[in-house]
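According to TrEMBL, the feature transmembrane segment maps to A:28-46, A:199-220, A:226-246, A:258-278, A:304-329, A:341-361, A:373-394, A:401-425, A:437-456, A:477-498, A:518-535, A:547-573.
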Amino acid sequence: MSGQSRQPEIVVDQAKWEWSELYKKEDWWAIWLGIIILIVGLIIFLPRPPADMDQKIAQAQRTMQAEDARAPFHTLEWHRANDSFSGLRARNESHGKTIAKWLATPARWASNPMEALILTEARAAEIREGAKEKHAAAQEKTKAALAQAEADQAAAANAAFQNTELNKKAEGSISQWRSARSAESRARSQTGTQAYNKIPYLFGIGVIFMLFFAAGTTVMNINTANFIKGFGFVFLLAIISEIIGANSTLRSWGFGPLIWAILGGMLIANTIGTPQFIKDAAQTEYFIKTGLVLLGAEILFGKILAIGLPGIFVAWVVTPTVLVLTYIFGQKVLKMESKTLNITVSSDMCVCGVSAAIATAAACRATKEELTIAIGMSMLFTAIMMIALPTFIVSVGMHPVLGGAWIGGTIDSTGAVVAAGAFLGETGMFVAATIKMIQNIMIGAIAFGVAVYWCAKVDCVEGQTVKKMEIWYRFPKFVLGFIAASVVFSIMIEAMGARGDVMLDQGVLRGFSRPCREWFFILAFASIGLTSNFREMAKHFTGGKPVILYVCGQSLNLALTLLMAYIMFFLVFPDITASL
Amino acid sequence: MSEKKTLAGIAKLIMGVAGFWIAVALVLPWMQTLPVIRPVMDIIIAADLDANQYFYTQSEETFTAQSHMRSGIRRSEQ
């Protein structure tokens, strides 16, 4: 253990292999810790399925398939069956709810930030009382909408679903019933508001994470005593950032906790300064890489089949094309000094914002300042596009499937894509969300490709030929854990079929590894802020090159995505478009 | 760090926090009322959507969308 454990700007692997790396390097520790979390998740969730899961799945699937064959639109029966399937979630079982309580971040608030941590019984009763009237009104609306939908569907069924007008009317009424039902569900949840105090859970999870990561520091070149002392401050900054990001206005704009963690940390580091013992706990790479291994498990290849060939073309052909062209543009035209900044900005702009930036930056060993620049620009432009794109689409009367595909392929973050897609109606939102999901799956391939390219072509003397073993020496090993988690979970979920959705997707992943991964990322971003330097960052903005790169790349992305979406959804696969 | 530097640092920190507060409590809520922005924000607020989510597993909408899309494709094949 060394007292001289200043965190390096980038992770530097020695160009040789030593077996001790397996327990001395943070890349491998990230893999081991990630594997531990995933195995614990499997042990907790797999033996405890929801009651009668198989029968309920089989019943829902039978009904949905029969309804798909009966009517050219999603009938009331189809929706009910789909709701019963979607309601089957391993994380809704008692053990899942306990884990959720422990891993929960601060709650949403509008005017009083203390409500993010504590809700008194008196205030909870006030919310419940205020919601009662709203709930009763919502119930009435749902009842009326359901009666209308039943009548319109019966009329369409009487015409054997052959009358286009009647089908369209029934579909519209069903859609209105769905909206009314969602509003009722939201109102109902408010009538059940319970008092809470999140502080003991946050304290507990802070201690658990501290011990979890401290285990690795005992053998790595990190001062364990300082890590334990400083971790509390890093965790506190993470909680404060979560509280700010939980503000309802900021949630609507998409300015989440990550950006507040960076800004808050930078503000401290560049004004009063970050003490050394906190810097020793601000282990950006260690937290990020562990989080990335967990992110790998969420990259499920079966998801790309969700929208078939048109979706695959829009997400998997346009995205890498734009990525490569933007990178070349940055190098050849803008002559960007930093290749790592160039690829990080290019990847966050055309793949999926923050998560792609994190994965790419770690794969090519970009600096903290470069990652901060990429994420800051991504969040700013996402907020702008979330407003501008759907407004434009609706004003020109674009088809919701085309508009949804355009939004899904170009706006950076999933939340903003869903928010923008909702402006186009249910179909537009579902197409947008699905395209974005397929694009998200690309992160693994992009990170792997960037890691190999950097080892073989960038991190070497010009003209030098790099041997295969040299690539292995230089390769960021955590990427192996990231890819392995993705492959293993993709295979498992495909092998389990619909049970995989319930037990893995809606259990191990969304119920356990994802909340852990979110905590690790917020710790990483608080660490980035606490160890970043404004001057370093300002250097990269000389001539505004990162902004020009983002704007030019995004313009190309907008043009190519729209063109490909039009070709795929209207010229090559019009039948799919008609049936969505 | 000298006392003067510490005080200057604290003053900058307070100014920075005040800047954040102005952006969060005044500027963004005001921008939400602008005619171009309001219609989109109204839908986000009414549907209780969280634009903060940066990966698909954070979003329940992606899970629901998946079965809708699969069913649509199944129907187009029939």
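Glycine too: its Cβ is placed from the backbone N, Cα and C atoms.
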Quick one: do the transmembrane segment (A:341-361) and the transmembrane segment (A:199-220) reach 3+ CB pairs under 8 Å, ignoring pairs fewer than 6 apart in sequence? no
Examine the transmembrane segment (A:226-246) against the transmembrane segment (A:304-329) and state whether at least 3 Cβ pairs sit under 8 A, considering only residue pairs 6 or more apart. no
Counting Cβ pairs under 8 Å that are 6 or more apart in sequence, does the total for the transmembrane segment (A:258-278) and the transmembrane segment (A:518-535) reach three or more? yes
Best-contacting stretch, by C-beta pairs under 8 Å, relative to the transmembrane segment (A:304-329) and drawn from A:373-394, A:401-425, A:477-498, A:518-535: A:401-425
For the transmembrane segment (A:518-535), the distant same-chain contacts (Cβ-Cβ under 8 Å, at least six residues beyond its ends) come to 7, 103, 105, 205, 209, 234-235, 237-238, 241-242, 257-259, 261-270, 274, 278-279, 281-284, 287-288, 290-291, 294, 358, 368-369, 371-372
Same chain only, please: residues at least 6 beyond the ends of the transmembrane segment (A:373-394) with a C-beta under 8 Å from a C-beta of the stretch. Say none if there are none. 253-256, 258-259, 262, 341, 344-345, 348-349, 353-354, 357-358, 361, 366, 403, 406-407, 410-413, 416, 419-421, 423-424, 428, 537, 540-541, 546-547, 550, 554
